[in-house]
């Protein structure tokens with residue numbers, strides 16, 4: 001068993017739906033006792049939904065821990081990739097849940113990245129109108145998606161359009177599971193870490209800048225700190241605005257353009273972090289339109305490049321297709337074009353007066369310039 | 001325009017999710033002004049989901065009222081029948097919502113019976129993680145399903161297994177829309193009316209007994225009273241237990257056997273009210289096992305027969321298939337067999353100690369006896 005480092009813990013404050021996030025090493029092995037402590041009934045089967053890329057590595061360990069504690073566990077494996085966030089895959093998991101005999105006191109556990117978390121979370125939200133949910137993220141990116149209770153699947157016309165707010169009972173973040181990530185996934189994950197700095201915390205942004213090498217090398221201490229800080233920013237924002245009435249929208253920095261790029265690439269060309277990396281550069285370029293410093297765009301770009309993230313739209317992406325995908329994005333309320341725009345490092349604002357022509361220009365720029 | 005009778009109004013008390021139910025004639029024509037009064041924004045399109053059996057009769061009237069008030073309305077038509085409560089139909093409606101440009105401030109309106117209410121309600125619950133919902137029930141049965149916020153679609157292995165709790169903003173019950181119901185639907189609807197008496201209110205049960213002729217003839221005054229009382233019982237129960245932790249389960253009187261019969265009949269043989277009518281007779285027969293009066297079963301049967309409802313399981317229904325369908329029913333917590341059992345007229349209790357063998361015997365009896 002790997003050596004154990006400090007366990008960091010923070011609470012997402014949501015009244016009676018508050019829940020803890022635990023970050024550290026060796027947590028998979030303790031899952032069973034945690035389920036017991038939380039009073040999950042042993043008669044009610046657990047459905048473990050695992051991403052196929054991690055099932056061989058970690059599902060056995062997690063299952064064993066739960067079974068040793070006296071739980072019955074059915075494991076469902078879902079293919080890696082955004083394509084699994086479909087109603088068809090959702091329906092298959094409902095079938096598995098029924099066949100495993102899950103009842104209203106059962107728990108659905110997500111083992112994997114954001115795709116599995118969103119998908120299994122929507123299963124937990126909708127199965128029998130809602131059962132318990134536990135997140136066991138195995139990617140860096142999932143430090144974002146595993147906090148805040150947003151769960152969803154995609155529709156062919158728009159991402160995350162079918163979903164719910166369904167908070168987990170807790171989040172178990174075992175740093176050991178991150179060691180198996182492919183380098184491209186690691187870099188993609190840091191896009192959301194950087195985002196949390198950019199929207200809320202200039203000091204943390206600067207710390208990321210100074211520690212990019214350690215982070216890319218997955219140094220346990222640096223990684224634990226970065227994930228803790230990322231989750232902390234996310235949880236503060238979510239605590240203040242659970243259902244995205246206002247503040248929570250700042251978490252969408254880079255996501256308006258980013259989601260459109262993912263859609264145009266059929267969700268299989270750009271990773272989520274890569275898409276929002278490009279989107280954050282686009283949003284930073286909008287800042288100048290509102291009189292904020294022009295250096296914001298270059299600073300944002302420099303930081304993202306340190307994490308070896310893309311900052312230009314790949315060749316062959318059609319501008320009209322990108323603009324059209326944005327029209328279906330749910331961040332447009334009442335047809336107005338809404339964007340999260342940086343004011344300075346560590347602070348953003350939500351602007352409802354962004355002209356489509358500006359966005360089109362920036363999309364063209366980001367396509368034309370060589371990255 | 002038809003003559004207008006008294007408008008009855010009651011409130012479902014759910015804190016900040018409280019909402020009114022209005023029952024009367026001529027309400028369709030006033031929908032637009034109601035939307036305005038409630039502050040629904042005019043820039044956000046409305047999706048009207050209408051059952052094909054009523055679209056020609058009432059959708060135009062409702063649409064006109066909304067459009068006259070300045071709203072844009074897209075109408076989606078869904079085929080009549082339980083088969084429409086599918087993920088496929090749900091997905092089609094999400095497509096319609098996207099194509100009509102619905103945003104987070106939009107409203108989904110259900111015009112039809114319980115099928116459309118459950119289906120459109122789940123669309124409202126899941127679209128962009130939840131938008132406004134308004135129920136315009138056009139069946140008697142829907143007095144039950146339109147109150148309480150339970151929305152769902154079916155899975156091939158179990159009914160209502162995929163859903164949410166999503167309360168409407170209000171319910172508009174226009175008695176004029178009930179005049180077009182086929183006689184079989186009318187009778188089926190009264191099964192839930194009778195149920196609300198049986199579980200909660202001996203006096204109302206006796207009133208139903210005395211007024212069955214008027215009700216079957218759709219007398220406006222009698223109908224208004226019956227729907228008001230039915231909604232009142234339902235809303236009291238729901239107010240005390242929104243998410244079915246305990247009390248709310250009493251609403252399932254007759255539903256455990258009823259749902260199984262619907263499933264075995266592939267949801268196209270027995271109407272919901274017919275199935276629970278048989279189920280209520282089954283539940284009443286269980287009462288004797290717990291020492292409650294044997295006359296409960298005969299009284300229940302007599303009352304349901306007055307409404308010309310079936311009280312026997314149709315020939316050809318397989319006992320094993322019925323028992324197996326009950327195992328998947330979500331009212332079985334942790335594998336125990338749970339039933340709502342009448343104690344006397346107007347009072348029931350939830351029993352967790354019902355033996356499968358008793359249920360099997362009763363199913364056999366209800367098949368064997370001539371109705």
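Here the Cβ of each residue, glycine as well, is placed from N, Cα and C on the backbone.
Note that this is a predicted model, so its numbers are computed, not measured.
Zn(2+) binding, as stated in TrEMBL, involves B:192, B:272; the candidate among B:166, B:255 given for that site is B:255.
Mean per-residue pLDDT, taken over the domain '3-dehydroquinate synthase C-terminal' (B:189-331), amounts to 93. Nearest to residue B:118 (NAD(+) binding site) in space, judged by Cα atoms and limited to the binding-site residues B:192, B:255, B:272, is B:272. Taking the Cα of residue B:82 (NAD(+) binding site) as the reference point, the closest of the binding-site residues B:192, B:255, B:272 is B:272. A Cβ within 8 Å of the Cβ centre of B:192, B:255, B:272, the residues given for Zn(2+), is found for these other residues of the same chain: B:141, B:144, B:191, B:195, B:254, B:258, B:273, B:275, B:276, B:279.
Geometry remark: residue B:114 (NAD(+) binding site) versus residue B:272 (Zn(2+) binding site), CA distance 9 Å. With respect to their backbone Cα atoms, residue B:272 (Zn(2+) binding site) and residue B:159 (NAD(+) binding site) stand 11 Å from each other.
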